[in-house]
Amino acid sequence: MNMAGRDLAAAAADLPMALRRERTHITVRGLNKAFKGQPLYRDFDLDLPEGRIVSIFGPNGCGKSTLMNMIAGLIPVDSGSILFDGKSLKQTVIGYVFQQYREALFPWLKSIDNIAYPLRRAGMPEPAVKARVEELIASFEIQFDLNRYPYELSGGQQQTVCIMRALAPRPEVLFLDEPFSALDYEMTLFIREKLQEIYLKSGVTMVIVSHDLEDAVYLADKVLLLTRRPTRIAEYMTFDMPRPRTPDSMSDPRFVAAKAHALDVFRREVKG
Amino acid sequence: METFDARRLLPIIGPILFFAVWYLAVAYGLVNKVLFPSPFETVAHLFTSFGKGGMQVDVASTFLRTGTAFVIAAAIGVPIGVALGASESAYRSVEFLIDFFRSTPSSALIPLFLLIFGITDANKIAIASFAAFLVILFNSAYGVMNARKTRILAARVMGSNSWQIFKDVLIWESLSQTFVGLRTGVSIALVIVIVAEMFIGSETGLGHRIIDAQQVLNVKDMYASILITGALGYLLNLAFLLLEKRFIHWSGK
């Protein structure tokens, strides 16, 4: 009974997206992953749409980050295929933003050289590196001094540097692992706005893991709600509230309804 | 403002107390005056002896031996340590050897080194080098092994291969710990050089001077030499702390 209701709701919610001729960007098929003999994912399938923001949300220990990290190639899969527009990960440029920005940046490099690192790494000539970094600085409207070392910057500034570094090589997909959870609320709002701006300008596909439902819904075109382990998709919820969304959007009835619905699904899954 | 000034004076309280206790113990005859000259006499002797050639030569030769031993130890220890740290299985396979010889007092090996090198300067340098080498290697290896996992993942997700991760991340990550090894290494080298100068025939050096002064009961010179040896060790340590602060600017941040 639950299943039928969920399918119906999902189908109805998917309608506007379908009209927008959604293309699949990342295809996950037959994914298997076990930890110490305990299956986490068993024959798991997932499609991530191109040029959309998908948030992954679910109960503690369900493997939200593990799922994203397997797609981003940071954790090996036991079996299964993950393709980006039919290409393998090796043939795809991705960006990744870590929760622990302090531990993800290279403190021996100035902030600006952190941003340039993936470009130099890829052998880009120095004038092109300079131009690309300038472009990022302009598009992020950076007000602080990037010639400082990361540890001299505030948490929000460091996370901004992380996002710029991830975006520098023009990735096809930007992965963000709990990008807000080490930030205070003010910085969370700021980084959320920045991400939305970047998204509206570049249309890059984004995957965000979040443990905060508000963050998960706010930026998302789709919210992937996961069950407890062994993990399945509880619901692949569409949230097509128009952009740009602003802090006022959080009191919009559509936002409130979407968040309440996601919370219902979450509660049901936690209760098992 | 007043509290700030007072706080700055705190570090000199210890030395003042030390000299006060020394002075009072001598002044009230609590210790044998033959064995314990007063601190003023000792410090005065320290300065006059430093004006004469002998002390300068001794300080210079101890410093030179320690420096040479340390440079050799660092030049071999850091690269091998970093390489071993990068491959955990390689480190595990020699871990016992390193830990065993690290736990063996290097002075116990002096007779062995005497057999190989004879009573030469090379002997003193070799054994001090060996002692410093182990601690430097150990620290460099652990610096690499304890590199932040997130940083390695960050480099990998940006498309770096193993060699690039090694030279762009692991080496840098290991630097703070390597400096701990270098600092400890130079102290150990000094200890061993002093011991070697005492017990392996030597014409110069602070260790030689201390034991010579003791043999002829020239206690003032003995204490002055001990104080100078201590100052040398302290300054070497301080130099490395300052170097670390300057070059490993991100350490502890």
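Cβ coordinates are placed from backbone N, Cα and C, and glycine is handled just like the others.
According to TrEMBL, the domain 'ABC transmembrane type-1' annotation covers B:59-244.
Counting same-chain residues at least six beyond the ends of the transmembrane segment (B:12-31), those with a Cβ under 8 angstroms from any Cβ of the stretch are 37-40. Here TrEMBL flags B:12-31 (among others) as transmembrane segment.
According to TrEMBL, the feature transmembrane segment maps to B:63-84 (among others).
Residues or ranges marked as transmembrane segment by TrEMBL: B:96-119 (among others).
If you look up TrEMBL, you'll see B:125-145 (among others) marked as transmembrane segment.
Positions annotated as transmembrane segment by TrEMBL: B:180-202 (among others). Outside the transmembrane segment (B:180-202) by six or more residues, the chain places 62, 65-66, 69-70, 73-74, 77-78, 81, 106-107, 110, 114, 119, 123-125, 127-129, 131-133, 135-140, 143, 208, 210-211, 229, 232-233, 236-237, 240-241, 244 with a CB less than 8 A from a CB of the stretch.
What TrEMBL records for B:222-243 (among others) is transmembrane segment. Counting residues 6+ beyond its ends, the transmembrane segment (B:222-243) has Cβ neighbours under 8 Å at 37, 42-43, 45-46, 49-50, 55, 58-59, 62-63, 66, 179, 182-183, 186-187, 190, 194, 206-207, 209-210, 213-214 in the same chain.
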